[in-house]
Every structure is written in structure tokens, then in C-alpha cells.
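Colleague: Handing you a structure now.
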Amino acid sequence: MEAAVEPGNLAGVRHIILVLSGKGGVGKSTISTELALALRHAGKKVGILDVDLCGPSIPHMLKVQGQAVHQCDGGWVPVFVDQAQSISLMSVGFLLEKPDEAVVWRGPKKNALIKQFVSDVAWGQLDYLVVDTPPGTSDEHMAAVDALRPFSPLGALVVTTPQAVSVGDVRRELTFCRKVGLRVIGIVENMSGFVCPHCAECTNVFSRGGGEELARHAGVPFLGSVPLDPKLTRSLEEGRDFIQEFPSSPAFPALSSIAEKILNETPI
Amino acid sequence: MEEVPHDCPGTGSAQAGRGASCQGCPNQRLCASGAGAAPDPAIEEIKEKMKSVKHKILVLSGKGGVGKSTFSAHLAHGLAADENTQVALLDIDICGPSIPKIMGLEGEQVHQSGSGWSPVFLEDNLGVMSVGFLLSSPDDAVIWRGPKKNGMIKQFLRDVDWGEVDYLIVDTPPGTSDEHLSAVQYLAAAHIDGAVIITTPQEVSLQDVRKEISFCRKVKLPVLGVVENMSSFVCPRCQKESQIFPPTTGGAEVMCQDLQVPLLGRVPLDPRIGKSCDKGQSFFVEAPDSPAALAYRSIIQSKCSGIQDFCSLRQPKGEDRVSA
């Protein structure tokens with residue numbers, strides 16, 4: 001522990017993964033949450049840092065909204081999601097008095113809070129820290145990448161939906177990664193198809209295949225497609241542990257295989 | 001200025017930069033110097049410029065990917081269906097401009113004329129402006145922090161030669177930050193009719209949308225109403241309806257009742273909408289009689305509760321039509 005104090009609060013964190021997407025609503029927070037749950041099932045200790053300051057969704061998804069952050073000698077204590085304390089979370093959602101309050105901040109204030117999130121949260125020992133970001137390529141992203149650079153993050157998971165409009169934004173996000181020198185672990189295509197609960201017909205609500213094509217075009221790994229599953233949305237809505245409850249869901253194999261690819265990349 | 005935290009003394013007050021809550025604020029020095037109190041001269045210039053624009057509508061949502069740009073584009077198409085109505089569509093999503101793609105204008109460039117930047121015209125009565133027209137390749141990322149984005153928005157409002165316009169529709173990025181504050185501030189003197197707020201039915205989205213409505217109230221922007229997008233999904237094979245994004249907390253309807261804002265309508269999720277956006281075609285042309293197209297049309301045109309009627313009831317003074 002003596003050595004851990006020296007380089008700050010991230011010293012006990014083995015691997016840092018950023019979850020990015022140029023487009024909003026493609027499932028960054030969903031994928032971040034599910035990835036954390038999947039890694040946890042593999043016996044890892046996971047932290048989630050939510051740097052979406054204007055629209056934090058993860059506290060709700062993990063059903064810990066309304067919890068408060070406490071202060072200790074080492075800094076802010078993250079909120080633990082489960083009894084075993086295997087998933088911890090830090091989000092601006094915990095700092096708001098009212099859940100509907102809008103965080104109407106311009107860039108410099110957002111940057112300052114992100115810096116604080118990176119330096120002042122007492123994560124303790126973690127195998128993985130998943131950093132969930134807002135859409136775009138602006139203040140929050142630059143601040144997070146700058147602040148995390150000394151801790152050499154493993155890379156970025158880029159989330160997209162299959163339609164061309166979304167893929168366009170993600171191409172710009174890949175350019176961002178290249179410009180700031182952040183490795184792309186791979187592309188995840190979310191919400192690929194919808195399996196009708198009445199007749200099991202799979203419809204490509206947002207068309208299909210865009211993510212894979214983009215990965216090929218950009219020369220980055222394609223990690224898999226996660227199909228739309230209303231059970232998944234519902235379980236996240238209600239803040240239940242999706243991975244534990246729905247191993248039979250069509251989305252499940254996709255998620256665990258993505259987690260496995262990351263685990264294989266980072267032998268501990 | 002209303003975007004500040006509640007304990008901020010305000011940039012115009014005597015306490016600016018000197019209060020206890022100013023400690024540690026990045027703007028402390030600027031405020032203390034008094035520079036914050038002087039309004040940006042661009043606000044007046046924009047007011048002048050906007051005299052030829054009758055109605056200004058902002059399309060907002062706290063959440064991303066709920067269909068702001070799709071809605072903005074179809075609002076523009078719907079209003080421009082009347083060839084006597086001049087419509088302008090401005091995309092201020094600087095980091096993720098999707099309007100050029102959705103309008104089928106990808107690869108178009110903006111031209112400079114004596115009276116400013118010329119918008120790209122899709123029809124004679126439908127002009128479009130987006131940062132996408134200023135990029136040289138679709139891979140170009142606009143990696144800008146707040147001040148640069150604000151400068152771009154200022155330029156869009158002040159330096160684009162829109163001409164005589166009936167409706168200016170402003171499509172925004174998700175959130176409640178720089179772009180939104182700038183649009184509202186720069187247009188403050190020019191009078192904005194109001195904001196249309198887009199959401200999807202699930203709580204994760206509604207929770208961000210409540211924040212957006214609280215933003216509107218903070219900056220005194222009237223809320224024209226809420227559109228619930230992706231309300232239900234009709235399976236193309238068995239025609240049965242199901243919910244992809246279940247409204248576990250009552251959806252937009254309950255939220256609108258709680259917050260006392262009008263619900264303008266619900267648009268079902270139709271896979272053809274996404275496809276027509278990818279192709280850059282109007283969904284009104286692609287599937288004119290589909291339930292989704294009818295829903296869009298009713299939101300725009302329906303008597304009394306539609307966006308068009310809302311705006312005409314709020315004609316700026318001096319242009320009031322003579323009533324019987």
C-alpha cells in the first residue's frame with residue numbers, strides 16, 4: 001500500500017478502458033454497464049467512471065441513483081453497487097441535490113470536474129476501470145484523455161449503431177482517437193437487430209452491418225454486434241443485473257464474448 | 001445569464017469574482033475584472049440579422065440518439081411542403097453534424113458571397129447550414145473545446161445570408177452545455193418562439209429530458225412541447241406491436257403531465273425512417289401514408305396544437321394579422 005499512495009488514486013487500477021462514440025444514444029452507457037457486469041462475472045474488480053456530466057445515466061442503470069458520495073482521507077469514496085463491493089461507480093449524478101437538476105456548465109467547469117474525478121476518487125484496487133463518456137469529440141473527451149494519459153489507458157471501445165448516420169459520427173471519433181494517440185481496442189455495434197417477441201422475426205431496425213464495414217475500412221478490430229432486446233432495456237431501466245438474469249437473452253453471447261476478448265488481451 | 005450555479009453571484013453583480021463561491025471558478029479573474037458584465041456586441045448584430053426571420057425554433061434533447069436531427073429534418077421538410085414558406089435549417093451540432101447526410105447534401109460546400117455565407121439550398125425554399133459543409137472529408141473530426149464551438153455558432157447566426165425566412169429550425173447536440181447556452185444567448189435579443197423537446201419512452205431518456213426542461217426554465221426558453229419518438233414498433237412480418245424502449249415510468253405522457261408541458265405527439269419506430277435518413281431522402285416522400293409520416297405531419301400541422309399554429313399565434317408584434 002505504501003507504493004500505491006505515490007502516483008495517486010489510480011495506482012491500484014490495472015487497466016483503463018474508455019467507451020466512446022461520436023453519436024449519442026448508441027448505447028455507450030449500456031455497453032459500459034454491461035461490460036462492467038461481464039468483467040465482474042469473470043471475477044474481476046471493476047470501477048466505472050461516468051464523465052457524462054450533462055446526462056449521467058449509469059447511476060440509474062445500476063439502481064444506485066440518490067446515493068451520496070463520501071469523503072475519506074484518500075479522496076472521494078465511489079458508490080459500491082453490490083454487497084461484495086466488486087463494482088464501484090463515480091458519477092456527477094451523485095453530486096446533484098435533485099435528480100432533475102440540469103448541469104448547465106460550459107467547458108472549463110466540466111474539465112475541472114473531470115480532472116478531479118481522475119485524481120480524487122479513492123478507487124482502491126481495481127482490475128478494470130471503465131470510463132463512460134458523453135457523445136462527441138469535445139471538452140469532456142479531451143479532458144479525460146489528458147488526465148488519464150499518465151496512467152496509459154488500454155484503449156478505447158468505440159460504440160456505434162449500424163445506420164450510416166451513426167457510422168459517420170463514429171468515423172470522426174476514430175479520427176479523434178488517432179489524433180490524441182488513443183488506441184482503438186475495437187468497434188462494438190449495438191442495437192443491430194430487433195427480435196420480435198411475438199414471432200421471433202429479427203428486423204434490422206437501424207439497418208445492419210455498418211459497424212463491421214467501418215471496422216474493416218478503418219483497419220480496427222470488430223468486437224461484435226449486440227442485438228436490440230427489449231428485455232435488456234427493461235432490465236437496465238429497472239436497474240437489475242442483466243448478465244445474471246438473462247443468460248438466455250439473444251444479447252448475452254455477444255456481450256460475454258466482447259468481455260472475453262478484452263480479458264484475453266490483458267493477461268493478469 | 002442563467003447558466004451559472006445557484007450560488008454564483010452573477011457576472012453582472014458587484015460581487016462578481018469576489019464572492020465565496022467564486023473561489024476556484026475558472027472565470028473568477030474574468031468576472032472580477034468586470035469584463036463579464038459587458039454584453040457581447042454580436043447579440044445586437046444577430047438581432048439585426050434575425051429581423052428577416054419570423055420564427056425561430058430550437059430542437060433539443062438531453063439525450064443523444066433520440067431523433068433530434070431526424071425530427072429537425074422532417075420539420076423542415078414538412079414546413080417547406082408549402083412552397084410559399086421559406087424554411088432554414090441550421091445544424092449546431094459541431095462535433096457530430098448529421099443534417100448533411102439526412103438531407104442528402106453530403107459533400108456540398110458553402111459559398112461565400114458579399115452578404116455572407118450562402119446556405120446550401122435543397123429546394124428553393126429550404127436552405128441548410130451545417131459545420132459538415134465546412135469539412136473537407138467525412139472522417140474529419142472537429143475536436144474543439146467550448147469557446148471555438150461558440151465562435152462557430154455566432155458565425156452561423158450572424159454571417160449566414162439566410163434572406164427572408166419564415167421558419168429557422170435549429171438542430172442541437174445532446175446536453176445542456178456550450179452549444180445550447182450560446183444559441184440561447186445569441187438569439188436572446190432576437191426572440192425565440194420556443195423549443196421542441198425530443199425523447200424516447202424509456203426512463204433513462206426521460207431523466208435526461210427532465211434536465212433539458214429544467215434548462216429551458218433556467219434560461220427562460222418557452223417549451224413548445226415534447227415529441228415522443230420510437231414509441232412502438234410494428235413487426236413487418238406479424239404486424240404486432242411491441243415496445244423496444246418500454247415506458248416503465250409512463251413515458252413522455254406522464255412526464256409532460258408532471259412538468260406541465262404539452263405532448264405534441266408520438267412517432268412510432270419505423271425501420272424505413274432510419275433507411276430514408278441514410279439515403280438522404282425525405283420520409284414524407286418515401287412512405288407518405290405510413291403511421292410515422294402521419295404522426296410527423298400532425299405534430300407540425302395539426303390545428304391549434306401543431307407547431308405551425310403555435311408559432312402563428314405568437315407572431316411578433318407589428319406583424320399581427322388583422323383578426324375578425
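Easy rule for this one: first residue shown is 1, then count along the chain.
Every residue gets a Cβ built from N, Cα and C, even glycine.
Quick paste from TrEMBL:
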type	residues	note
BINDING	A:Gly22, A:Lys23, A:Gly24, A:Gly25, A:Val26, A:Gly27, A:Lys28, A:Ser29	ATP binding site
BINDING	A:Cys196, A:Cys199	[4Fe-4S] cluster binding site
Colleague: Tell me which residues of the chain lie with their Cβ under 8 angstroms from that of A:Lys23 (ATP binding site), as long as they are six or more apart in sequence?
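Modeller: Residues satisfying the criterion: A:Pro135, A:Thr160, A:Thr161, A:Val165, A:Ser166, A:Asp169, A:Val170.
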Colleague: Among all protein chains shown, how many Cβ atoms are found within 10 Å of the Cβ of A:Val26 (ATP binding site), not counting that one?
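Modeller: So the number of other Cβ atoms within 10 Å of A:Val26 (ATP binding site) is 28.
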Colleague: I'd like the Cβ neighbour count for A:Ser29 (ATP binding site), meaning other Cβ atoms within 10 Å of its Cβ, all protein chains included.
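Modeller: 27, counting other Cβ atoms within 10 Å of A:Ser29 (ATP binding site).
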Colleague: How big is the Cα-to-Cα gap, in Å, between A:Gly27 (ATP binding site) and A:Cys196 ([4Fe-4S] cluster binding site)?
Modeller: 20
Colleague: Which chain-mates of A:Gly22 (ATP binding site) that are at least 6 residues away have a CB under 8 A from its CB, listed by sequence?
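Modeller: Long-range Cβ contacts: A:Pro135, A:Gly136, A:Thr137, A:Gly168, A:Asp169, A:Val170, A:Arg171, A:Arg172, A:Glu173, A:Phe176.
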Colleague: Are there residues of the same chain, six or more positions away from A:Gly24 (ATP binding site), whose CB falls under 8 angstroms from its CB, and which are they?
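Modeller: In sequence order, A:Pro134, A:Pro135, A:Gly136 meet the Cβ cut-off.
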Colleague: Sequence gap of 6 or more, C-beta under 8 Å: which same-chain residues meet both conditions with respect to A:Gly25 (ATP binding site)?
Modeller: A:Pro135
Colleague: Measuring Cα to Cα, how many angstrom lie between A:Cys196 ([4Fe-4S] cluster binding site) and A:Val26 (ATP binding site)?
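Modeller: Checking the Cα atoms of A:Cys196 ([4Fe-4S] cluster binding site) and A:Val26 (ATP binding site) gives a distance of 20 Å.
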Colleague: When you measure from the Cβ of A:Cys196 ([4Fe-4S] cluster binding site), how many other Cβ atoms are you left with inside 10 Å?
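Modeller: The answer is 21 other Cβ atoms.
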Colleague: Under 8 Å Cβ to Cβ from A:Cys199 ([4Fe-4S] cluster binding site), same chain, six or more residues apart: give me those in sequence order, or none if nothing qualifies.
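Modeller: Correct list: empty, so none.
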